[in-house]
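Features of the protein shown, as given by Swiss-Prot:
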type	residues	note
REGION	1-265	region 'Amidoligase domain'
BINDING	S13, D146, I147, E148, K186, T187, K188, P189, T190, Q191, K222	CTP binding site
BINDING	S13, K186, T187, K188, P189, T190, Q191, K222	UTP binding site
BINDING	S14, L15, G16, K17, G18, I19, D71	ATP binding site
BINDING	D71, E139	Mg(2+) binding site
DOMAIN	292-545	domain 'Glutamine amidotransferase type-1'
BINDING	G353, Y381, G382, M383, Q384, E404, R471	L-glutamine binding site
ACT_SITE	C380	active site, nucleophile
ACT_SITE	H518	active site
ACT_SITE	E520	active site
Amino acid sequence: MTPLIFVTGGVVSSLGKGIAAASLASILEARGLKVTMMKLDPYINVDPGTMSPFQHGEVYVTDDGAETDLDLGHYERYVRTRLSRKNSVTTGRIYENVIRKERRGDYLGATVQVIPHITDEIRRCIDEATAGFDVALIEIGGTVGDIESLPFLEAIRQVRTERGAEKAMFMHLTLVPYIAAAGELKTKPTQHSVKELRSIGIQPDVLLCRSEQAVPDSERRKIALFTNVSERAVISCPDIDVLYGMPLELRRQGLDELVIDQFKLRDKVAAADLSEWEAVVDAVKHPLDEVTIAVVGKYVDHQDAYKSVAEALKHGGLRQRTKVNLTWLEAQDLEGSDMAALQGIDGILVPGGFGDRGFEGKVQTSKYAREHKVPYFGICYGMQAAVVDYARHVADLDAANSTENDRQSPHPVIGLITEWRTATGEVEKRDEKSDLGGTMRLGLQEQRLKPGTLAREVYGKDVVAERHRHRYEFNNRYRTQLEDAGLVICGKSMDDTLVEMVELPRDTHPWFLACQAHPEFLSTPRDGHPLFIGFVRAAREKKAGGKLLKEARA
């Protein structure tokens, strides 16, 4: 039976439960334990796939094609375990499963209720996702006191009652606000948050106290007294300059020791080796170079919509001790402009998106980068914009477009994928009338790279696998025509049916590459990703006038 650490949040949302949980997971992993993570989200959507990026932020995609909460991105950036559909569960999915069972007659005519049927299904999902691991951390979304979270909190209360403290731990993240007028930290919100938690039968074992500054020992003692938590288990989580330094901070305060002692794992663990995290923090704090990258997107007002892209760019810089400054530009604002906003930029990245709003701005951005020899990296919709630009302005295919935006285009160089083969070999089919949710080409797919291309050089191997999330694809009817016009198709699906990656010849552009997949989902601070590392290096070379004076590695 896998020991479980349940992470809840109190007082306010957005305190960083996911980061705190992932940081602890990374420490436990560094001590030799096999660790997994899970997110329980209280919203009624089956998954975040159809939710607005402005409201929910990024949709993170796993290897098996699950569209999940962006917190799973945090988890995979901190731990080596690759997560799946099992690791992201919503209220919508739970109710969908229960209703399906009820329709099949699995409950033998019983009245289906929140307790025990909904809570039992939650517990079943937890068991399924965590089996076979030394420790599992499970984050419960929302804030204690929300009505939506109650079934999840009741389910984890039952788990603790059944398994005992040696197999289930409660960790509560709460806010300790600093009141500037009084010049002091206030512990009352934390006391009330724990009181709320205890009223539904959950006594925290550990408190993580988020604050602007370190919580002094006197306040920690006060919190311990009023919440019935050991003073040793009241952990200060102040704001820090480098988020990837959180594992080091929690290790310094002995949070992992609390877990090991409560779960009696002493004979399974080794000394914590956090040297990789120390190297990451050192690279952030002591850069040797600096570049500015423009991200031209549709949802830049809510930058969480591009969370993995922003992190992957920073990771690409970390691997060569380079600080990456991001300039966020709204694609729609660039339509019909003189593109002055892109002057002085070292590199341009155009990320994914859906719909016609801002697409012409992305096409103009691709044209600007191509003509001005600025390093260009297109992802998903960014690749489609690059293909449309090339078709219109180089291949003389006037009014070329994607059928997503213009179904009457005389040259639909981007079209709906109607059929493709999944990673498991199954054939999937779609049409214009298919549901939006869960109907895209999703998950990890292999592709073969063309020898002698920039893509092949950057990756350093012939076959690579990337995660996908898209409904439209390069139209094969235009392959030959665009290749004859000079576009290099440098990556194709293993069955040669889908164009995965395009680039410009290096004798016409120093670094212009666009991919249909989402490589940002496989980038981590400790390893980076070949495409992002190569892109940042190209930006450094542009800034240095074509030749780097000094190579730097983290």
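Glycine residues also receive a Cβ, built from the backbone N, Cα and C atoms like all the rest.
Keep in mind that what you see is a predicted model, and the values were worked out from it rather than measured.
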Note = Per DSSP (helix/strand/coil reduction), Q384 (L-glutamine binding site) sits in helix
Inquiry  = Counting Cβ atoms within 10 Å of each candidate's own Cβ, which of the binding-site residues G18, P189, G382 comes out highest?
reply    = G382
Message = Which one is it, among the recorded positions I147, T187, P189, H518, E520, that lies nearest to G18 (ATP binding site) by Cα separation?
response = E520
Request  = Going by Cα-Cα distance, pick out whichever of the recorded positions D71, I147, P189, E520 is nearest to Q384 (L-glutamine binding site).
outcome  = E520
Remark   = With neighbours defined as other CB atoms within 10 A, the best-packed of the recorded positions K222, R471, H518 is H518
Request  = Measure from the Cβ of Y381 (L-glutamine binding site) and count the other Cβ atoms within 10 Å, all protein chains considered.
outcome  = 27
Query = Counting only residues 6+ apart in the same chain, whose Cβ is under 8 Å from the Cβ of T190 (CTP binding site)?
reply = G10, V11, T174, L175, V176, L207, C209, I223, T227
Note = Densest Cβ environment (other Cβ within 10 Å) across the recorded positions L15, I19, I147, C380, M383 belongs to M383
Inquiry  = Can you tell me which of the binding-site residues E139, T187, K222, G382 is spatially closest to H518 (active site)? Compare CA atoms only.
reply    = G382
Request  = Tell me, if you would, which residue among D71, E139, E404, E520 (recorded positions) has the fewest other CB atoms within 10 Å in the structure shown?
outcome  = E404
Query = Does DSSP put H518 (active site) in a helix, in a strand, or in coil?
reply = coil
